[in-house]
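Novice: Would you mind keeping the following structure in view while I ask a few things?
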Amino acid sequence: MATDLSKEIITGLTITPSSPTSGDKVTVDMTFGESDQESIIKSGDTISMTWPSSGKVYLQAINQSLPVIDPDLNGGTQIGTAQISDGKAMITFNDAVNNQYGVSGYFRFKATAENITSGDAANTTTISVDAGSKQVPVSITKPKTSSAKGPFSTGCVFYKAVLQPTIDSTTNMQTNRWYYQINEWDLDFSQPMVITDEIIAGQEYLPDSLYMTINGIKYSAEEFSSKYPGSSAVYDATTRTLTFIFTPASLNGLSDFVNYDTLGTDTTLQSYKNQAKVSYYPIGYPSGENVALNQESENMIASTEARSVKSGTCQVKKTLQNLSGDPTSTPLEGVSFMLTSKDNTSFTPITKITDAQGVCEFPNLPSGTYTITEVGAPTWLIPNPNPATFTIDDASKNGVVCIITNTIKTTSIKVNKVWVDGGNQGSNRPTSLDVTLYADGKSYATPVTLNETNSWSYTWLNIPQYTATGEIISYSVSEEIIEGYEQPKQPVDAIDGTVTLTNIEQTNITVNKVWDDNGNQDGIRPTTITLTLNADGVPVDVVLPEKNPVQVVGPNWTTTWKNLPVYKDGKQVTYTVTEDTITGYTTAVSEVVSGVITVTNTHKPETTSITANKVWDDNENQDGIRPTTITLTLNADGVPVDVVLPEKNPVQVVGPNWTTTWKNLPVYKDGKQVTYTVTEGAITGYTTAVSGVASGVITVTNTHRPETTSITANKVWDDNGNQDGIRPTTITLTLNADGVPVDVLPPEKNPVQVVGPDWTTTWKNLPVYKNGKQVTYTVTEDTITGYTTAVSGVVSGVITVTNTHRPE
């Protein structure tokens with residue numbers, strides 16, 4: 001009957017690293033073994049381990065199946081099957097294991113650590129991997145995240161990643177899944193983006209796997225080229241290179257994605273690598289030429305092996321011991337062992353070196369007691385000076401297994417935090433922050449907290465100096481995002497065992513432009529200005545995409561320089577702004593107030609005065625109807641002007657000067673010259689004519705034509721038809737106005753000679769009024785001998801002059 005032997009024969013379980021960051025790969029290493037005197041494993045028996053594979057914090061391993069081979073049994077015999085499936089790994093043994101002694105081996109595979117807990121705060125959660133009586137904690141950290149948009153980098157326009165691979169259970173070959181994210185910031189581009197991706201040997205490109213996703217729509221290579229002419233995705237089998245061309249039309253304002261797969265043909269590789277280069281030309285941000293962005297997909301194929309030991313054989317297994325003192329299945333190659341006999345003085349010592357599996361064997365040993373001693377090891381290992389003693393019994397069916405471990409040499413890494421913030425003068429320094437140790441770019445341990453209590457320092461003690469294959473480990477430290485401080489590029493490499501993290505307090509300086517020019521009344525405000533940010537009087541060197549000097553345009557007329565150091569050489573930096581001269585304006589610059597500098601440009605708009613002069617064309621108010629006051633309104637471009645007291649508009653104008661002046665009037669409005677006019681309230685009996693502006697003067701002429709009349713003088717002779725014959729042939733008449741002879745204009749005459757037979761005359765165009773009073777017209781006649789004269793008043797414009805003579 002099949003038995004679960006997990007508790008009986010699982011001898012070790014390690015997870016490396018034991019404190020990964022979310023997304024890291026961990027190696028799960030289980031060892032198992034009978035004692036060299038036992039043969040308890042039978043066909044159908046199993047051993048297994050389990051772990052969380054879903055939820056918020058878990059390990060994601062790739063489902064796969066592979067044979068368990070004993071290389072020493074008949075030249076290599078399968079004694080079981082190892083399988084990984086949905087959070088469980090199991091070895092099931094078959095018939096070939098029966099009657100084998102001292103069977104021992106390992107099962108090693110990789111998994112991805114995941115912590116997808118919600119929120120931006122850092123989170124470390126511990127889960128457990130269980131195998132028989134072994135329980136190993138794994139603490140998975142999700143680093144602190146920030147929604148703040150960081151500085152521009154290549155990753156903003158091109159990001160390359162590898163997705164979880166798949167493994168074919170039949171061929172035991174891994175398919176690697178490569179992924180690009182392009183233009184995450186949705187920028188616009190002036191030229192095509194060109195990507196070349198070399199697929200390094202050991203894998204085969206799978207052309208049917210390639211597709212692009214643009215604006216949520218999936219395209220094959222052919223569809224991509226058709227949809228966006230000039231764009232392409234081409235694979236060159238000779239150079240093993242994929243070349244992508246993304247035209248601006250396929251990029252601008254869009255987020256693009258590329259997916260393709262490769263098949264890992266060399267299963268011995270630790271990882272499969274691609275070497276990409278990208279050239280990009282975003283508008284308003286720095287371009288990049290052939291920027292290298294390499295990526296690798298770790299080989300996730302599991303490995304397993306089991307060995308039995310033969311009678312009369314001493315099998316030495318040399319494995320790595322972790323820093324906690326637990327043995328692992330990691331073999332150590334190149335370690336020398338010497339075999340000596342304790343009870344046979346004629347026995348010649350034998351020296352052997354462990355192979356790639358960490359094994360060396362001393363077969364066909366006669367009965368007796370022996371000692372195995374490590375006599376040489378790679379320099380990166382701490383030698384194991386402890387000999388192992390064992391006995392060989394010719395009568396026994398089994399041999400002897402000596403498991404001897406070594407520990408990697410260790411080191412320590414110290415991290416120091418340096419604050420450049422004037423002793424936290426601005427009170428912006430956090431009370432604590434988490435830092436993470438990385439080994440060869442992968443998180444090594446759970447983040448630790450730095451604060452005042454530990455003097456912002458921590459030392460990781462007793463950490464490995466080398467990898468399990470003898471390469472020296474490069475340690476570095478990263479810190480969580482600190483708002484308001486300049487941080488070093490993460491992570492920071494250790495130098496002589498020390499990492500110094502220097503944080504410089506930062507600030508932002510915003511410049512706001514104020515235009516004091518009455519809304520650009522004169523139209524001379526520029527469309528752009530040039531501002532320079534200075535630190536302690538020297539122009540600041542800024543990091544792209546920041547610019548200094550910077551061109552600032554409307555309508556907002558503002559700019560911000562970000563991530564500026566608050567201190568330099570221990571002293572607070574004084575930030576100022578200078579502005580290139582603007583013709584027609586004066587400039588005033590404020591100090592920094594709450595991170596803001598105000599630059600005020602003042603232009604006093606050009607002004608003028610308009611005088612309105614009144615001209616009366618009414619023959620000196622002959623008719624007496626001229627008003628004593630008039631109303632004038634000043635208009636700007638046809639609209640009455642709003643004036644400032646004590647100015648008035650409309651204005652009452654009176655004599656005798658009949659003039660008024662409006663002062664401090666704008667010459668321009670919205671950049672165009674204002675046309676000033678004057679309108680006048682209607683004046684009964686007058687017409688109005690208004691001139692244009694001449695030397696600041698508008699003339700308003702009021703015209704009134706005085707009323708005129710005609711006076712006709714008719715002569716009447718009362719002399720019985722000139723019976724006596726003394727009637728003259730001509731008479732002289734004079735027209736008088738208010739008793740004064742009238743001055744008439746030619747051809748009119750006054751006095752006038754009047755002759756018969758009509759004996760009449762008419763004076764025309766005579767004023768009806770003078771000085772506002774009606775004129776009284778009369779006629780006088782020169783004396784006529786023998787006649788008396790009688791003159792009538794004006795009746796219907798006629799004066800009758802009667803001359804009387806009484807005949808003798």
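Quick reminder: no glycine exception, Cβ is built from N, Cα and C everywhere.
Nobody curates TrEMBL annotations by hand; they come from automatic prediction.
These came from TrEMBL, pasted as-is:
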DOMAIN    20-113  domain 'SDR-like Ig'
DOMAIN    328-396  domain 'SpaA-like prealbumin fold'
DOMAIN    413-503  domain 'CNA-B'
DOMAIN    509-602  domain 'CNA-B'
DOMAIN    610-703  domain 'CNA-B'
DOMAIN    711-804  domain 'CNA-B'
Novice: Roughly where does the domain 'SpaA-like prealbumin fold' (328-396) sit in mean pLDDT, to the nearest integer?
Specialist: 89
Novice: Under 8 angstroms, Cβ to Cβ: which one of 20-113, 509-602, 610-703 has the largest number of such pairs with the domain 'CNA-B' (711-804)?
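Specialist: Ranked by Cβ pairs under 8 Å, first place goes to 610-703.
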Novice: Can you break down the domain 'CNA-B' (509-602) into helix, strand and coil residue counts using DSSP?
Specialist: 0 helix, 51 strand, 43 coil
Novice: Reported in the order helix, strand, coil, what are the DSSP residue counts of the domain 'SpaA-like prealbumin fold' (328-396)?
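Specialist: Counts, helix then strand then coil: 0 helix, 34 strand, 35 coil.
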